[in-house]
Amino acid sequence: MKVKVISVLEDNYMYLVIEESTRDAVAVDAAVPKRLLEIVRKEDVVLRAVLITHHHWDHARGNEELVRLCPGLRVYGADERIGALTHRVAPDEELTFGAIRVRCLFTPCHTKGHMCYFMWEDGSLDAPALFSGDTLFVGGCGQFLEGTAEQMYTNLTQVLGDLPKETKVFCGHECTVRNLKFALKVEPENEAVKKKLAWARQRDDEDLPTVPSTLQEEFLYNPFLRVTEEAVQKFTGRKEPVEVLRALRTEKDNFKKPKERPHPQAMLAFDWGLFAPFLEKK
């Protein structure tokens with residue numbers, strides 16, 4: 001199972017998961033169809049389905065166009081607000097695409113219909129992959145836009161946290177540097193945070209992605225997975241894990257975003273007219 005990381009818009013990621021023996025492929029969060037189909041042609045694969053983590057435009061806006069360009073394409077997701085949806089999936093439902101297996105992990109909070117996708121390939125020794133959308137990021141987690149701290153705690157500690165620690169994490173956005181800057185504020189003595197931040201800055205300087213991480217790594221430097229650690233509790237002034245998580249999210253929401261260089265893929269959004277509706281004169 002090969003995963004192609006595709007940078008689009010300002011800081012989004014799409015993914016193309018390829019079964020190398022058959023050259024069939026499944027995409028995750030196909031927001032920019034033209035870019036996705038460029039990669040499909042370059043890799044010489046057949047796109048069979050699209051898995052959508054949630055309905056937000058920067059993850060799902062390309063569905064209608066993609067279905068038009070690829071007749072018969074299946075679009076999977078859990079939220080009725082997802083455009084061009086052909087298959088509504090249920091929590092813990094398993095899907096099969098050739099040798100690629102998918103378990104649908106329901107993680108409501110960022111949106112009420114958010115679904116993560118846990119993938120592995122039958123007979124392969126490769127580590128499984130988690131496509132976590134806007135629930136779990138490298139060094140962070142998504143905002144609680146339609147849910148609660150209790151829900152996110154369950155998502156992070158049980159639904160995702162119980163997966164094999166070698167699982168590779170492919171998240172929905174490139175926000176690692178700013179996440180780890182916040183993590184360093186929370187745990188200024190955490191050497192794992194310092195090391196990962198230095199690495200992420202180097203990757204950013206080279207316009208390279210910081211995905212995937214692994215679940216095992218995330219438990220070392222991601223404060224939202226470290227709510228039982230003394231240093232994290234001291235930072236928040238809370239002891240109960242859900243309250244620690246709630247306080248962390250509030251602090252992160254108010255954390256000043258560092259000035260980052262514009263991602264080179266951001267300008268492609270203008271080239272493809274993605275912002276045209278917002279720029280038209282009224």
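Each Cβ is built from the backbone N, Cα and C atoms, and glycine gets one as well.
Record features, source Swiss-Prot:
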type    : residues                     : note
BINDING : His54, His56, His110, Asp134 : Zn(2+) 1 binding site
BINDING : Asp58, His59, Asp134, His173 : Zn(2+) 2 binding site
Fill in the CA-CA distance, His56 (Zn(2+) 1 binding site) to His173 (Zn(2+) 2 binding site), as an integer in Å. 13
Given the binding-site residues His54, His59, His173, which one's Cβ is surrounded by the fewest other Cβ atoms within 10 Å? His173
Cα-Cα distance linking His173 (Zn(2+) 2 binding site) and His54 (Zn(2+) 1 binding site), given in Å to the nearest integer: 13
Nearest of the binding-site residues (Asp58, His59, His173) to Asp134 (Zn(2+) 1 binding site) - Cα to Cα: His173
Fewest other Cβ atoms within 10 Å: which of the binding-site residues His56, His110 wins that one? Let me know. His56
List every residue in the same chain as Asp58 (Zn(2+) 2 binding site), at least 6 positions away in sequence, whose Cβ is under 8 Å from its Cβ. Leu9, Asn12, Ala31
Euclidean distance between Cα atoms of His59 (Zn(2+) 2 binding site) and His110 (Zn(2+) 1 binding site), Å: 13
Asp134 (Zn(2+) 1 binding site) CB neighbourhood, other CB atoms within 10 A: 26
Secondary structure of His110 (Zn(2+) 1 binding site) (DSSP, helix/strand/coil): coil
